[in-house]
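To keep things clear, I will list the structure first and then write my remarks on it.
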Amino acid sequence: MILHERVARVSPEFFDLGPPEGSTVLNLRINLVSSDLTSLEEILKHISAPSSPTYGRWLSREQVEAYVRPSAATRTLVNAWLAQHDITNAQNISSAGDWISFPITISAANRMLGANFSTYAHKPSGTRYIRTLAYSIPAALRNAHIRLIHPTTSYAYVLLPCPAFDVVTPACLGTLYNMPLTTGTENSDSQLAVTGFNNEFEDLQDLRIFLADTRPDTSSSTGFTVETVDGGRNQQYPAGLEAAVDLQYTVALAGATGVPVNFISVGQNNGDGESGFMDFAHALLAKNAPPQVVTTSYAFNSEGTVPETIARSLCDTYMALAARGVSLCFSAGDGGVAASKSQGNRCNRFLSVFPSCPYITLVGATQGIPEQGAYFSSGGFSEYFPQQDWQSNAVNAYLEQLGPQYENLFNRAGRGYPDVSTQGYKIEIILQGQARLVAGTSCSSPILAAMIARLNDELLKAGKPVLGFLNPWLYANPGAFNDITSGNNPGCGTEGFSAANGWDPVTGLGTPNYPAMRAAAGLN
């Protein structure tokens, strides 16, 4: 046996309650090494590059699975190890078979992994997790056949980022970003999915009130469909603030034009947020025709709270989705250079948000008119993922302008984010029948996603491929965005980064200009 993963210490936000009963059952997951992710990454570079002759030729489910599927030797060796511990009921939990899962008692898991599982309570939320500080696996399986085992050494938790504040409406956004708020009843082949975590639900009555107030031109029957993962539900009450923002704005901006909106409610059968993110992504990959745009307004406390093995594994899953032609929009976080509000000024180094994967589009927030970077909008540079070729010119131009400022506080070679921004302050919603104003980058991601879904609708009707993996296209067309040059994102006892000409780690490339985006997409 050889040590596979270890954490030196646990965040002070977690309290050790001691070991659980040995008979307690834990659902363990093993991420098996895929056959050829390197080739899949190379293919994605070509089909997502606007200058490539193969641009837009997104892969099918079967084509992607051929690269992601583990080798027969890997399955044989891992199954043999499990059988030594009387585990013969491992099940595939991903369509490619790169993730397997099985129930095991705590006492058996401790023996099999050389671990010492304990129960930890997350103080702010009261949520309890069963975790270990370290675990081991057979040396012959390490890295060549097993990437990671979960849940083990991860002490991350999902944040609900959209806070209430003391007005931005769909009509305001339409005017600001030059996007016509048309109506439509014709079913579109463009699809937009909205994720829901943390028992967040949307009250249909709230949606009807919101549409009557902000889109009186649309039918009162305009709404969304519901899909569940991991025991998710469609509970109408109590309505969730985050679900209200996400669904009211995607329906008003895209659903009202005829683009189907699907709410995917991810339950808590998995026991933790990382598994929910994994299962949601695997559920999309298992579809023959996944939604072409997905918006997620949830993130983790910071990149460092997620083990790098899990971060890279999840990012590879997002890469597979990108190769399928799926645009993944995520909120960039609400803690400035501290990544989340809970970090405040306690950090002595700038913290990156998670997910910070290069295959997702991270959306920051602006405020006011004329727009400036929102003070809370997270932005910076990943510690896990390197700067990407498609952003190098834009990001390096900012770094040159920044000079030595904050030189030892962040990873200058890291993937820069956010990629773009939209309004995220004083966003009007209806919650439990009453008008509310909310703020956060979690308000921004669904706005961008709705605009991308609208563009996809036009592209499909013109016989063109959808935009798919967005980032190479975004950075190749900076003129499609309104450059934001004022605002900063304080945190960690500093004023944070400042907005500047071109890309910056406060607002990214800027905010959308719909006609310019249409032109960049080849629409007349």
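In case you wondered, yes, glycine gets a Cβ from its N, Cα and C as well.
Residues or ranges marked as domain 'Peptidase S53' by TrEMBL: 167-524.
Look at TrEMBL and you will find Glu242 (among others) tagged as active site, charge relay system.
Asp246 (active site, charge relay system) carries a helical DSSP state (H, G or I). The feature active site, charge relay system is assigned by TrEMBL to Asp246 (among others).
In the three-state DSSP classification, Ser442 (active site, charge relay system) falls within a helix. Residues annotated as active site, charge relay system in TrEMBL: Ser442 (among others).
Taking all protein chains in view, 25 other C-beta atoms sit within 10 angstroms of the C-beta of Ile484 (Ca(2+) binding site). DSSP classifies Ile484 (Ca(2+) binding site) as coil under the three-state reduction. TrEMBL lists Asp483, Ile484, Gly502, Asp504 with the feature Ca(2+) binding site.
Counting in whole angstrom, Asp504 (Ca(2+) binding site) lies 27 from Glu242 (active site, charge relay system) by their C-alpha atoms. If you draw a 10 Å sphere around the CB of Gly502 (Ca(2+) binding site), it holds 16 other CB atoms from the protein chains shown. Asp504 (Ca(2+) binding site) falls within a strand segment according to DSSP.
Taking the Cα atom of each, Ile484 (Ca(2+) binding site) and Glu242 (active site, charge relay system) are about 26 angstrom apart. Relative to Asp246 (active site, charge relay system), the recorded positions with Cα atoms inside 10 Å are Ser442, the candidates having been Ser442, Asp483, Gly502.
In sequence order, Thr485, Ala499, Ala500, Asn501, Trp503, Thr507, Gly508, Leu509, Gly510 are the same-chain residues whose CB sits within 8 A of the CB centroid of Asp483, Ile484, Gly502, Asp504, the residues recorded for Ca(2+) being left out.
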